[in-house]
Amino acid sequence: MPEVDTRSAALAGLRTAAGVPLLLVSGGMAGFGALAHDIGFAAWEAVMAPVVVWALPAQVVAAELHAAGADLVAIALAAALTSMRFFPMAVALLPTFRAGGLLSRLLQAHLMSATSWAFVMRPSAPREPRERLAFHTAFTLTCIAAAAVAAFAGWLGAAALPKPLALGLLFMNAAFFMVLLAESRNRQVLLAVALGVILCPPIHAVLPEASMLLAGVLGGTGAFLFGDRLRS
């Protein structure tokens, strides 16, 4: 049985995160920091957002509801609902860690993001459960630390950052995730992405509040139903 090397796996996770993922996460969080400043967040609130909430869409929802005067329960519920998209990702990823207790699984679920999920599920990531866990933990903690620093920098530089640019930066991470999916050789995955992109604009014209959710569900369902034909 090969020896388990969690230290090397953790260093590999850190090095992987310190490349393109860190730049894109930092860009998105700088945009959020500027947005948070305009909404009225204090600097410490902007910095704590990626630590406590982490997922960028949930942070934007929380910031907008806070600006609208919503209470804490409503903000927490809305942020949680926006993160429901991570449920199938967590179901696929967490069992590969074979993590110990409930608290350990909850911690990894909190640390997981679309970016970390995409990198840990790649064939080049460690396969051994403990090494995989160390890789994921180091990857996500590196990204979160960079996100907190970038959010603070964006908050400080809000006056010099035009709002359209700040909003554009928010989409950098999502665009990167799309690029990662485009590398997939699984035709079902590619079909799901393509269908989602095609369906989202017309759905948004009718139901803007639910366009992303419906496009994702319909695109994924369509890809699943036609999966056998694609493999044949």
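Just so you know, glycine gets a Cβ as well, placed from its N, Cα and C.
Taken from TrEMBL, the feature transmembrane segment applies to 12-35 (among others).
Here TrEMBL flags 41-60 (among others) as transmembrane segment. Outside the transmembrane segment (41-60), and at least 6 residues removed from its termini, the chain residues within Cβ reach (under 8 Å) are 28-29, 32-33, 35, 66, 79-80, 82-83, 86, 110-111, 113, 144, 147-148, 151-152, 154-156, 170, 173.
Same-chain neighbours of the transmembrane segment (72-96): 53, 55, 57-59, 61-62, 65-66, 105, 108-109, 112-114, 117, 120-121, 129, 132, 136, 216, counting only residues six or more beyond its ends whose CB sits under 8 Å from a CB of the stretch. Residues or ranges marked as transmembrane segment in TrEMBL: 72-96 (among others).
Look at TrEMBL and you will find 102-121 (among others) tagged as transmembrane segment.
Using a Cβ-Cβ cut-off under 8 Å and counting only residues 6 or more beyond its ends in the same chain, the transmembrane segment (133-158) has close neighbours at 6-7, 9-14, 16-18, 21-22, 25-38, 41, 43, 46-51, 54, 93, 97-99, 108, 111-113, 115-116, 119-120, 125-126, 166, 169. Annotation comment: TrEMBL describes 133-158 (among others) as transmembrane segment.
For 164-182 (among others), the entry in TrEMBL reads transmembrane segment.
Taken from TrEMBL, the feature transmembrane segment covers 189-207 (among others).
Taken from TrEMBL, the feature transmembrane segment covers 213-230 (among others).
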Distant-in-sequence neighbours of the transmembrane segment (102-121), which means Cβ under 8 A and at least six residues beyond its ends:
16-17, 21, 24-25, 54-55, 86, 89-90, 92-94, 96, 132-133, 135-137, 139-141, 143-144, 173-174, 176-177, 180-181
